[in-house]
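K.L.:
Per Swiss-Prot, domain 'Response regulatory' is recorded for 2-118, and the stated evidence type is sequence analysis. Residues or ranges marked as 4-aspartylphosphate by Swiss-Prot: Asp52. The domain 'CheB-type methylesterase' annotation in Swiss-Prot covers 159-345 and is backed by sequence analysis. Look at Swiss-Prot and you will find Ser164, His191, Asp287 tagged as active site.
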Amino acid sequence: MRVLVVDDSALVRMAVTDILTKAGIEVVDTAKNGREAVEKALKLKPDVITLDINMPEMDGLTALKLIMEKQPTPVVMLSSLTKEGARETLEALKIGAVDFVTKPDGALVDLSSVAQELVRKVQMAASTSLNVLRLQNLKKIKGEVVRGNWKGKTKDVCVLIGSSTGGPSALEMIIPRLPADIPAPVFVVQHMPPGFTKQLAERLNSISEVEVKEAENNERVKDGVVYVAPGGYHMKVRRAANVVRIKVVDGEPVNAVKPSVDVTADSVVQAYGGNVVGAILTGMGEDGAYGMKLIKDRGGLTIASSEDTCMVFGMPKAAIELGGITSVKPVFEIAEEIVRFLEVKLNER
């Protein structure tokens with residue numbers, strides 16, 4: 001595997017090169033700004049690029065756009081943990097970056113705390129589907145809002161969506177197509193660090209008909225609202241006296257992640273029984289497989305994103321293999337399937 005390392009800091013370039021080389025990954029070259037990055041990407045055709053966002057001459061976002069147009073390559077962004085960093089990182093994911101690693105704060109460049117994560121994400125990026133990068137670039141996806149035939153609402157139903165690597169772009173193909181009158185709350189669990197999920201919710205809210213917000217502890221759940229699990233916490237729901245409230249809880253990671261789709265799924269099934277529509281999108285690992293099976297076994301309906309429209313097919317594949325999936329659909333048809341499945345649930349006697 002051949003990697004191009006791009007950062008305006010010589011210390012960061014050295015640190016990243018050192019981490020990757022020790023893991024047996026070849027660093028073919030480094031670049032100190034976006035302009036160099038584009039030139040070297042075209043010339044060297046690396047398997048993966050690590051890319052800083054804030055650089056002189058040409059920033060990372062501009063470079064990323066050009067690379068995606070001229071030489072689509074899996075890119076892992078190195079970003080800061082600031083609010084601005086979170087916003088720029090989401091923009092990078094939208095443009096086509098595969099994933100990101102947050103650089104620890106501080107003047108000293110110590111990347112040892114993220115070394116394992118960096119290696120894992122670079123290795124995963126190398127195996128991602130470039131067809132999916134191209135699919136995102138085409139942006140053919142933004143269809144109309146899907147209208148449902150709800151008539152009178154007969155029962156409490158909810159929607160749960162789980163995603164990881166490639167998830168923000170996938171969610172942009174689904175959430176903006178859900179109608180404002182959707183007769184259910186939508187719970188979204190996207191694997192992300194603290195701070196990033198708030199930015200994700202704000203971004204989705206600005207392009208959607210439904211309200212999208214980061215979930216808050218103890219808030220009462222309402223239909224037509226999309227609740228995004230806060231990064232670094234698990235999101236549960238509890239029903240008491242026929243009122244459903246959100247519980248944002250700390251605790252150990254589950255499936256090595258926090259928030260975990262499985263944790264939310266478990267509580268959703270306790271609160272809603274089989275009146276759940278679940279969807280599992282692109283992502284690495286197996287989080288959500290158990291949760292989708294749980295929903296399906298209780299009589300809920302579940303959807304997995306098809307392999308050819310997943311950046312990483314890990315989570316949907318695990319859910320399918322476990323027998324937890326009712327229907328497999330391309331990501332740009334999942335909004336329709338969610339609405340159709342809600343109609344089925346509402347019409348069940």
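For all residues, glycine too, the Cβ spot is worked out from N, Cα and C.
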K.L.:
Among the recorded positions Asp52, Asp287, whose Cβ has the fewest other Cβ atoms within 10 Å?
P.N.:
Asp52
K.L.:
Using C-alpha atoms only, work out the spacing between Asp52 (4-aspartylphosphate) and His191 (active site) and round it to an integer in Å.
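P.N.:
Counting only the Cα atoms, the answer is 21 Å.
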K.L.:
When DSSP is mapped onto helix/strand/coil, what comes out for Asp52 (4-aspartylphosphate)?
P.N.:
strand
K.L.:
Using C-alpha atoms only, work out the spacing between Asp287 (active site) and Ser164 (active site) and round it to an integer in Å.
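P.N.:
Given the Cα positions, Asp287 (active site) is 9 Å from Ser164 (active site).
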K.L.:
Provide, as an integer number of angstrom, the distance between the C-alpha atoms of His191 (active site) and Ser164 (active site).
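P.N.:
With the alpha carbons as reference points, the distance is 5 Å.
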